[in-house]
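A.B. asks: Sending over a structure as structure tokens; questions will come in a sec.
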Amino acid sequence: MKISNIILIFFFVLPFAYADLRVGFYGRSCPSAETIVRQVVQRRFNRERTVVADLLQIHFHDCFVRGCDASLLIDPRGQSRSEKQAATNKNLESFDLFDDIKAALEKACPCTVSCADIIALATRDTVALAGGPRYNVPTGRRDGLVSNPSEVNIPGPDLSVSQAFESFFRGRGFSLEEMVTLLGAHTVGFTHCSLVRNRLSSFGKRDPTMDGALDAKLGRTCGSSRRPAKNDPQIVLDQNTSFVFDNEYFRQIRKGRGVLHIDQQLALDNLSRHIVAGFAANGASFNRNFANAMIKLGSLHVLVGNSGEIRKNCRAFNNPR
């Protein structure tokens, strides 16, 4: 969970296409579409709770490159590279879930439901299953025809709040509050030791903004500069309710228990600390804001009408070049 630095003026350039998407788009062409997606997602969730974080990250990384067009699902083929090969996408998992969903939909309604819509619907369903809000997803997206790893530019974990906002979110029409809200998805998130070693005392000097007990805990998992842990272990971003979608992430970072630099900075920076405090105190407010922010994210630069295509296989263009 992966860009232009140009700031778009909201009144003149609107990167969202709410009017071109609508709730219930498949009501006639594939009435069972959302039920099928939900059933396949439920089966996976019952086996693997980490699928929630996987899908949130895939949805974000897909939408933040060319828009929500499922370009991230394309596999490299021969000399043709794809977004999956970008460094920030190499640890993404659960792509096979989209294969399962697409196969079930193709049996019921061939060549009807786009892979881009599958991502948006499946992500919504995993969030709800983990205890988060269930919101209506406008559908009608089409699948993109380009997947280029050189276009991938996803916010890194070591940015400041202002850097993340100005360079990645503002130009896409998101407010600061919406950025903080979307980062709240880290309540079910994971990262790898390699991305936090520079904050740990076992690898040099502890980041003074990190809680000492958390530093010690992460040191036991990640090892030290002399003996780093093998295979770059995964670590949870919410140290309390790691598999539950709630507002505990915001409570944790207010206590100095943010794992990533950007997480901790949200609670410390004057730009965002009041937003963090509000969400930490009011889980219902976070859920409402998250639902709205996800709908907005899912409408970013979408292809509609006759643009793009409806892929038969989410991993490949219908007519690869």
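Every residue gets a Cβ built from N, Cα and C, even glycine.
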A.B. asks: Please identify which of GLU48, GLU83 is recorded by TrEMBL as part of the Ca(2+) 1 site containing ASP62, VAL65, GLY67, ASP69, SER71.
C.D. replies: GLU83
A.B. asks: Name the cysteine that pairs with CYS314 in a disulphide bond per TrEMBL, restricting the answer to CYS115, CYS193, CYS222.
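C.D. replies: TrEMBL annotates a disulfide bond between CYS314 and CYS115.
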A.B. asks: According to TrEMBL, ASP238, THR241, ASP246 bind Ca(2+) 2; which one of THR126, THR139, THR181, THR187 is annotated to that same site?
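C.D. replies: TrEMBL lists ASP238, THR241, ASP246 binding Ca(2+) 2, and from THR126, THR139, THR181, THR187 it also lists THR187.
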A.B. asks: If you pull up TrEMBL, which of CYS109, CYS111, CYS193 shows a disulphide to CYS30?
C.D. replies: CYS109
A.B. asks: At the Cα level, what's the spacing in Å between VAL65 (Ca(2+) 1 binding site) and THR187 (Ca(2+) 2 binding site), rounded?
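C.D. replies: It is 23 Å, counting Cα to Cα.
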A.B. asks: Please work out the number of neighbouring Cβ atoms within 10 Å of the Cβ of HIS61 (active site, proton acceptor), leaving out its own Cβ.
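C.D. replies: For HIS61 (active site, proton acceptor), the 10 Å Cβ neighbour count is 21.
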A.B. asks: How many other Cβ atoms are found within 10 Å of the Cβ atom of GLY67 (Ca(2+) 1 binding site), counting all protein chains shown?
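C.D. replies: Other Cβ atoms found within 10 Å: 22.
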A.B. asks: Over all shown protein chains, what is the count of other CB atoms within 10 A of the CB belonging to THR187 (Ca(2+) 2 binding site)?
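C.D. replies: Summing over all protein chains shown, THR187 (Ca(2+) 2 binding site) has 31 other Cβ atoms within 10 Å.
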A.B. asks: Starting from each candidate's C-beta and looking 10 angstroms out, tell me which of the disulfide-bonded residues CYS30, CYS222 has the most other C-beta atoms.
C.D. replies: CYS222
A.B. asks: In sequence order, which same-chain residues at least six apart have a C-beta under 8 angstroms from CYS63 (disulfide bond)?
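C.D. replies: In sequence order, LEU297, GLY298, LEU300, HIS301 meet the Cβ cut-off.
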A.B. asks: Among the binding-site residues ASP62, ASP69, GLU83, ASP246, whose Cβ has the fewest other Cβ atoms within 10 Å?
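C.D. replies: ASP246, out of the binding-site residues ASP62, ASP69, GLU83, ASP246, has the fewest neighbouring Cβ atoms within 10 Å.
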